[in-house]
Amino acid sequence: MAEAAQMQVSDEVAITIQNMNKWYGTFHVLRDIDLTVQRGERIVICGPSGSGKSTLIRCINALEEHQAGSIEVDGTLLSSDLKNIDKIRSEVGMCFQHFNLFPHLTILENCTLAPIWVRKTPKKEAEETAMHFLEKVKIPDQASKYPGQLSGGQQQRVAIARSLCMRPRIMLFDEPTSALDPEMIKEVLDTMIELAEEGMTMLCVTHEMGFARQVANRVIFMDAGQIVEQNEPEAFFNNPQSDRTKLFLSQILGH
Amino acid sequence: MSDTQAQTVAFVRETEIPPSPPPIREAGAVKWVRENLFSGWFNTIMTLVALYIILRIVIGVFPWFFNGVWDAGSIRECRDILEGATGACFAVLVDRWDHLLFGFNYPQDAYWRPTLAFVLLILAAVPALFYMYVPSKFLIGTALYPFLAYWLLWGGTLWLPIAVLAAIILTGVVFRLVESMTVSTRTIVAGIVGLVAGVGLAYLLYLGAKELWFISTSIGTGGAFAGLMSLVFKAFSIFTYVFFIPMGIFVGYAIYQSASDGGLVTLVTSLLAIALMMLYAVGPVSGVLNGIIPIELAAVESRQMGGFMLCMMLGAVCVSLSIPLGIVLALGRQSSMPLIKGVCIVFIEFVRGVPLITLLFVANVMLAYFFPPGSGLDLFLRVVIMITMFSAAYIAEVIRGGLAALPKGQYEAADSLGLNYAQATRLIILPQALKISIPGIVNVAVGLFKDTTLVSVISMFDIVGMIRGPIQQSTDWISIYWEPYLFAATCFFIVCYSISQYSQWLERQLQTDHH
Ligand SMILES: Nc1ncnc2c1ncn2[C@@H]1O[C@H](COP(=O)(O)OP(=O)(O)O)[C@@H](O)[C@H]1O
Ligand SMILES: [Mg+2]
């Protein structure tokens, strides 16, 4: 908690979600979501499986389309206009549960692809940037290997580096550690903590409560497509208000 | 085990086990034979039966093959030389070598041209097939090859393929130009192009409506079926009459509207540019240039092509056209735009549902009706269109399988990095989907190559057509079967086996999981 307090949160707004609703066919996945994220905030989203956490953060970079309400990212309103979508996607980095590295490209090529093609960065400069971030996630020596030759933890760190190479202003994480063996979780969390300490705006779907306590300045609990409770981590864990939150916490912390 | 330790810990390793080499497999020929050929009574019987069959074949074939007569003028001479012994009459291959390779109509003094084209084909294929080892600048040679090969095979003036090449390059320039225009300039271009394309489309539709009406009246009303067809054509015609102006306006306006993002107007402008150049500029320009600096070879017509050369030409052209077309169809079938998706599905399902022979008959006969005599498409081109369509439909389905096998996460990762559709498709999706599809594509390509022999049914004299026609029906070589067909089979086997070996090598090259 002490560390989290040191990290600055600015008054500037990074993401505004108002009254957002989403359906899959007739299934109402997200209901009346209201959420404002300040620049520099680190938000952890948790909740039972199927509660719509992934859908929520995937709506933020338009991997999923929402049907009602508004989402504004960095001052750009998400609409069906492709220009806006591309702009937002290049500002928002995303890490997936299953890494989704490109298996036919080397680690270095994975990291330089988007800067070269989307940002039109010269190849050499893109490679320097890529090596910088690969060093940051502590795997520069794997640059010429293919993703299939790396361990899960290394792959996820590459995925983080790949996102960072686009110099995003916001990072989204969708259960980045839940496909990893226990001994690899820490190396990925350490990378994320470092990122948080540098002031990155982060939205993480995760059940790593230690991580939430250490870096989050807000924990959001979702159930059945709604935000049920949100609070500072200490208050959230020590003094949950709703019954559903209490039940959920007892289930994940209980064993 | 000491008692003190047993009380505290159940087991503690105190020495490391050093790594040791893997056990050497028992080897030896006898052991291999016993394990693989005689491992039980059933396998023993199978082995003996197989050995017997192989022996019979060898006994039958060897004398035939090694007694073969290579020097004779006719099948009777062969029999005289053999004097009743079994033996092949390979003399037919020597005697008709040129016909088997080039057909019986290709000018003899021009045999060097297809031969050179073949050698250059191999050279030109190397940079594309072994792209990971050859500097990419050599691909320019590969790109120029079709134009050179066209000139070598068909002759005429070299300026024609050069003019076509120039038209293609110019179209590329137009594409870049329109793409990089400021929105306000592009709006003007979009207005003009929209107007031209809209009016042009309306005019074409108007002509089509007139033609449909003409067909409907000429079918007549004799019989229920003809009457029905006539009504159908009338209905299409009226439909086209009603909608040709709105369609023109709609398309023209859509092009004008696309000025701000540029995709459609860029594409249509380029298409318009190349169509106009092909129709009105390429012929005259090459004529004029040839008048100034004549570079000519004696012209050869498509009907004169034949032999294995024709199979190679059809095979190479159709494979290299049907793969890109197959990719486009596969992507189109996955499109979220209903019109594009619908067109692709109808095309694929229709073409796959029709035998290739039917398509070839259509190419031979029907297409000739659609084009006025003289201005019609070249026969070779018509056959290429049909075979390409046919194999593209199959390749499209193979690639669709590859696309479906990609995890959704690949699309999402590409999207989340801000890559647009074209970039994601080209850089992420296709390389992986094509890699998965290699065995299937090669399967279709090999099948296509062998199917080129079907052109013999529309009296094109490919190698099989040559054997069935001019060779077997000549008085000299009447009813000779095994030798020429064995030769044709060998030719096809060499090419198909090479393709198969190449594809397996490529698959190993593209493997990225562990090496
Ligand atoms: N593409 C989809 N089509 C239909 N239903 C979906 C789709 N994706 C997710 N869902 C459903 O939406 C709900 C929320 O999913 P998700 O956001 O992935 O939940 P979480 O990440 O919290 O586990 C789940 O019930 C899931 O079955
Ligand atoms: Mg999820």
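Indices start at 1 and increase along the chain as displayed.
From the backbone N, Cα and C atoms, a Cβ is placed for every residue, glycine too.
Unlike curated entries, TrEMBL annotations are predicted automatically.
As recorded in TrEMBL:
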| type | residues | note |
| --- | --- | --- |
| DOMAIN | B:308-503 | domain 'ABC transmembrane type-1' |
| TRANSMEM | B:41-66 | transmembrane segment |
| TRANSMEM | B:115-135 | transmembrane segment |
| TRANSMEM | B:147-175 | transmembrane segment |
| TRANSMEM | B:187-205 | transmembrane segment |
| TRANSMEM | B:212-232 | transmembrane segment |
| TRANSMEM | B:238-256 | transmembrane segment |
| TRANSMEM | B:263-285 | transmembrane segment |
| TRANSMEM | B:305-331 | transmembrane segment |
| TRANSMEM | B:343-367 | transmembrane segment |
| TRANSMEM | B:379-399 | transmembrane segment |
| TRANSMEM | B:480-500 | transmembrane segment |
Sort out the residues at least 6 away from either end of the transmembrane segment (B:41-66), same chain, that have Cβ-Cβ distances under 8 Å to it, and list them.
85-88
Counting Cβ pairs under 8 Å that are 6 or more apart in sequence, does the total for the transmembrane segment (B:147-175) and the transmembrane segment (B:263-285) reach three or more?
yes
The transmembrane segment (B:343-367) versus listed stretches B:263-285, B:305-331, B:379-399, B:480-500: most Cβ pairs under 8 Å:
B:379-399
Tertiary contacts of the transmembrane segment (B:263-285) (same chain, 6+ residues out, Cβ under 8 Å):
159-160, 163-164, 167-168, 170-172, 174-175, 178-179, 186, 189-190, 193-194, 196-197, 254-256
The transmembrane segment (B:480-500) vs the transmembrane segment (B:115-135): 3 or more CB pairs under 8 Å:
no
